[in-house]
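Feature annotations, reproduced from TrEMBL:
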| type | residues | note |
| --- | --- | --- |
| ACT_SITE | 176 | active site, proton donor |
| ACT_SITE | 307 | active site, proton acceptor |
| BINDING | 81, 82, 176, 177, 178, 243 | beta-D-galactose binding site |
């Protein structure tokens, strides 16, 4: 059984609307999601003793999400991740996007899908959010109708993304939750054991754009096909952290993506998806300046993201999986976050 309750979470400035929060609860999980950016604001999971902790980073009040912050819990789009130099060519026309991350465009631009109010609809086991992204929003072509649905099934949170375009446009949607399975506010994720089911990854240049090479993980720091303890692994390979796309199976069916185990609490997160890639990010840019829930601060490496998605900059790299959505087609992808204890 899943219960769904809704409540007012806060008001947008200048009378721009009311933000609601939806609480989804099963016997194993409790998830809070708000209509501003379809954002997961809390996710409570039991440990092996049956004690529940909130395992996602974020803020207790709506105002926290209005400050400059790194997309905590939000849905990002119209195109997640980076587009080189904020430009792409489509049908002989050059499109220019906002440059908001070094020389590149990141996560849909200055006011992406994370910074807008979505229209909610309560379901028996979850909530559906929808919006229409107008033609030209953030420089993207065509009107895009979007639906993001969160449903709960026991220990599993299921996120489905659908979109329909009025003209050809790149689309790449994901959720940007930062997890810490020891509980949000824990100082780091070094004691987390990570597995990613990927034989290849995308090397990046200094501005974090894929070089175009699809590199085998074999013999590199990116070989996470067998579990590695994160802290030891970063030390062993002398790397600052991960912020890379791992190349998953090319199938449109549900496939296993990643598993993270926190031995201290026993919590396990398994991720399954229909997407061809996952951006594994270890919170390298967190710096302890943001004040989170329950007085937490979020220093470097205090949370990780597993952003299931198409490969970064695919709109400029023809040998990457197709990222263009044409009129009459359905963009339809699902990601499953499955929590358990071991």
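Residue positions begin at 1 at the first shown residue.
Every residue, even glycine, has its Cβ placed from backbone N, Cα and C.
Here the features listed in TrEMBL are placed on the structure.
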residue	record	Cβ within 10 Å
81	beta-D-galactose binding site	27
82	beta-D-galactose binding site	23
176	active site, proton donor	22
177	beta-D-galactose binding site	26
178	beta-D-galactose binding site	26
243	beta-D-galactose binding site	17
307	active site, proton acceptor	24
Cα-Cα distance, maximum over 81, 82, 176, 177, 178, 243, record's beta-D-galactose binders, Å: 18
Please tell me which one of the recorded positions listed here (82, 176, 178, 243) sits closest to residue 307 (active site, proton acceptor), measuring Cα to Cα? 176
Rounding to whole Å, the Cα atoms of residue 81 (beta-D-galactose binding site) and the residue listed as 'active site, proton donor' are apart by 10
